[in-house]
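All remarks here apply to the structure that follows.
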């Protein structure tokens, strides 16, 4: 059912905020546009600028409304009129970040709008003082080392209002933020859910809720309002939880119903492809986004990560210069410049720019993680650990920080610590082969070889991006004198290399051919052994062994030694490599559980 066009009050006993009802139906985009324009104004009046910007951007992506359908401003109540002078003055102070001054003039105001701005000014004043006192971004990680002193007072006051059911949707949002800052996560989630029911159009409440959900199970138990905003929330949380297929489906649905021009949705799709390491697709979408919105800065640090991975120096340099011209004092700009210097192996400069980003926003996740990477490059493991731990404090779902901690402790030769952190990274990215290979290496160092085998095989099964899982598995079998399984893994490795069609230098290719040549030689399969030995001759490190083996094969053939029919080989080389063109027989390579350890 399409939303009604009349303005109604949601939860009239607790709120004087006029809001259009938000149904779950997308059939009436004109009503949705009215809702977005209204909430953009309401959030702007309360200083919630990011939510206002999000609503305005989404409204812009929908067709313009005719004059007859434009919504009049919300009616002014008696309380609003009484507080108008104080609110107008305080809002001017608030806009220039004089938060204490704004709060002083709003003290005693009774209207919902003025009361929210009063409490929000006090909250932001405490946050600003806390950030100013945090001199060193990489200081000791004691919980609450520098505190927002206003939080406890705000909690007491907002709690009384909440119990008396006097908080509107915005008041509930602020109460939830205060609870989250005090690490009262369960209470914060309940309050944010309540806020989405009372004021479903406020994106800020949905986003805060998103930051507290750690897995899909938590999401299932949330009682969320049945509104079209819920679809944007689900798409966002699926992206955060690495449920990329579900996220992309949600975003595609939103595009299909009429949000195809939304730069927010386009950027989220690009981020989703970045998260599954579909680099070409992500780069293509980001380039299109840059054409559509050339002055956009949000998510450009993610774009720079992609350019970094592809070593696209000139493109990364252009992006850094371009963002500097737009706004050099944005955290994203600092991160892009940091990535540029990192790509040029100027790690001290890179770390400096990531520190600058954190001075601008100490809770910016990407900068903490990237700074950890730079300290790793500089072999400063203690600083790297500190940076990664900060990243985890900001967002426990950041798999890169958990993975980085695992790598750091690996350098420090502390495999039990590695195992813990790699397992956490793997829980967040269950289908990322890099986490599985790292786990396998840890288990191998701890001599837990069955678990190591499972990890390597699982890494291959989910799509081994680094093409190393099979080689590591083969070497493990080799170590355990399981020659047939080792040969199976090496042959699969060779098949994968030749089937992908890429001309890439694979460091372990010579190792695989050397082992297979020796294996087939022991099996007295001269044709296959000869084919592998000839391949060995193409590599510097195995050339002499390959030539020696070819001489032995030739000598045995001249002596009339016949190929063995008693020792079955697991399967043969691809037709393109085999001398006798024996078709490849695919067999199950290992009898291992597919359950990831």
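Using the three backbone atoms N, Cα and C, a Cβ is placed for every residue, glycine included.
Keep in mind that TrEMBL annotations are predicted by a computer and have not been checked by a curator.
Features of the protein shown, as given by TrEMBL:
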DOMAIN    32-270  domain 'Cdc23'
REPEAT    331-364  repeat 'TPR'
REPEAT    365-398  repeat 'TPR'
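Under 8 Å from some Cβ of the repeat 'TPR' (331-364) lie the Cβ atoms of residues 131, 134, 137-138, 297-301, 303-305, 307-308, 311, 313, 316-317, 319-320, 323-324, 370-371, 373-375, 377-378, 394, all in the same chain and six or more residues away from its ends. Broken down by DSSP into helix, strand and coil, the repeat 'TPR' (365-398) contains 27 helix, 0 strand, 7 coil. DSSP labels the residues of the repeat 'TPR' (331-364) in these numbers: 27 helix, 0 strand, 7 coil. If you average pLDDT over the domain 'Cdc23' (32-270) in this model, you get 89.
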